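Residues annotated as ATP binding site in Swiss-Prot: 49-52, 136-137, N141, 181-190, R194, R225. Taken from Swiss-Prot, the feature Mg(2+) binding site covers D62, D64, and the record attributes it to similarity to another entry.
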Amino acid sequence: MSEEHQESYHSDNLIDLMNHTLTNDHLQLLKKLGEMAAKLRMNLFLVGGTVRDMLRGVPGGDLDLVIEGDALAFSQNVANVLGGKVKHHEPFATATWVGAENLKLDIVSARAESYAKPGALPTIRHSHITDDLARRDFSINAMAIHLHPASYGQLVDPFHGRHDLTNGLIRILHSQSFIDDPTRLLRGVRFVSRFNYRFEQKTANLALATQPALTNALANVSPERIVHELKLLCHETDPVSSFSKLEDLHVWQALLGLTFSSSSATHLSRLQEEQNGEPLHWFQAIATVGFLEDNWKASLVPFAITAMEQRFLQNIEDIQKRLTNMTRFSTDYLHKQLYQVPEEPLRFYALSSGEEMQKVLDLYLHQRKQLQPLLTGHDLMELGMKPSPLFKECLLLHECEQLKGTIENKQDALQFAREFFNHKQPL
């Protein structure tokens with residue numbers, strides 16, 4: 001261990017904690033890798049969420065390693081000695097090694113980062129562990145454990161992450177952190193929710209004080225990066241609280257130009273209840289933000305990356321237009337207007353509605369789900385009708401009559417079809 005970094009190492013040794021929280025396979029692997037790195041005159045460290053969770057008493061998960069040296073060369077050396085497969089990610093100086101029984105670890109060269117402009121992806125250069133930890137989002141994620149045989153188990157904690165863990169604080173590492181990478185705000189709120197922590201006061205103040213710059217920085221972040229963070233946020237146990245916290249920090253205004261109001265919170269709560277313990281779909285979750293405000297659809301379009309999400313937005317717009325122009329809401333009339341709209345956007349819309357409209361749409365969806373059409377196109381051809389656009393009208397209208405209760409059996413349905421084609425009634 002070089003003298004220039006000794007001041008960063010916590011006096012506590014975490015060997016006992018490692019033995020308690022890591023599997024035997026992981027422990028043996030880490031010791032072996034530390035020895036291999038030492039023989040190559042390199043320092044190897046366990047970093048990130050595994051260290052954080054160990055200190056919280058939570059069993060370790062994935063192994064993320066940082067080496068003061070060439071991660072690509074070291075990972076290849078690991079594969080040569082221990083077997084397994086290695087995949088290099090050369091632009092980022094990272095590698096993934098998979099060994100026997102699916103033992104997996106990610107190895108990264110220690111590096112420093114600089115940002116050409118707020119929100120942009122960073123430029124990296126090789127460096128030491130302290131610089132590598134300094135590029136991370138929060139102090140609780142900026143700790144490492146030394147794996148060198150002479151220092152094995154020593155905690156590297158230059159930003160006092162262990163203190164913040166003990167006190168339940170989420171703290172950024174420098175004043176430009178949120179501007180350099182605005183997605184850190186989303187991650188911070190996720191950790192606040194997951195661990196029941198709070199933002200350290202200066203961190204909270206900086207989040208609020210940097211709003212104009214934050215809006216500009218977010219414009220440089222790709223929708224895919226933001227979507228990734230939103231998906232993770234929606235897998236937490238209390239997304240409503242997280243979305244409300246993002247509103248308090250003005251993130252929704254900066255990101256979408258929309259407001260997560262009390263009605264948005266009610267809408268999201270109803271959506272979550274409908275999931276029966278399953279994670280929320282991230283796109284439906286953010287669609288509750290400023291739902292049906294004037295610029296709602298335009299604000300969400302950049303994040304509607306898949307065809308399914310694009311159709312969802314279009315379906316909601318169609319529902320809104322049709323319901324706005326309707327003067328009666330009987331089930332059969334609703335069916336004429338909404339029969340082509342899938343159940344999911346209808347449920348979403350219903351959950352945003354007032355009590356009366358929600359009851360109307362719930363009843364329609366229930367009856368539509370129970371509907372078993374008594375007529376088919378084959379039936380119409382057997383009646384001597386030639387296929388035409390009127391087939392679709394006839395089949396739809398007979399479903400409406402079924403919902404109304406005027407068609408109760410097959411004979412009623414066939415009689416309806418005969419009369420329809422005799423009169424060629426349009427919709």
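Here, residue 1 is simply the first one shown, and the rest follow in order.
Note that Cβ sites are derived from N, Cα and C of the backbone, with glycine treated the same way.
Known features from Swiss-Prot, placed on the structure.
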residue: G49; record: ATP binding site; Cβ contacts under 8 Å, 6 or more apart: G61, D62, D64, N141
residue: R52; record: ATP binding site; Cβ contacts under 8 Å, 6 or more apart: I140, N141, M143, G161, L165
residue: T183; record: ATP binding site; Cβ contacts under 8 Å, 6 or more apart: V221, R225, I226, H228, E229
residue: L186; record: ATP binding site; Cβ contacts under 8 Å, 6 or more apart: I226, E229, L230, L233, L246, V251
residue: V189; record: ATP binding site; Cβ contacts under 8 Å, 6 or more apart: L233, S242, K245, L246, L249, V251
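In the structure shown, the C-beta of D64 has more C-beta neighbours within 10 angstroms than that of any other entry among the binding-site residues D62, D64.
If you draw a 10 Å sphere around the CB of N141 (ATP binding site), it holds 19 other CB atoms from the protein chains shown. Under the three-state DSSP scheme, D64 (Mg(2+) binding site) falls in the strand class. Following the DSSP three-state reduction, the secondary structure of L186 (ATP binding site) is helix. Around the Cβ of R225 (ATP binding site), 15 further Cβ atoms fall within 10 Å across all displayed protein chains. Under the DSSP three-state reduction, R225 (ATP binding site) is assigned to helix.
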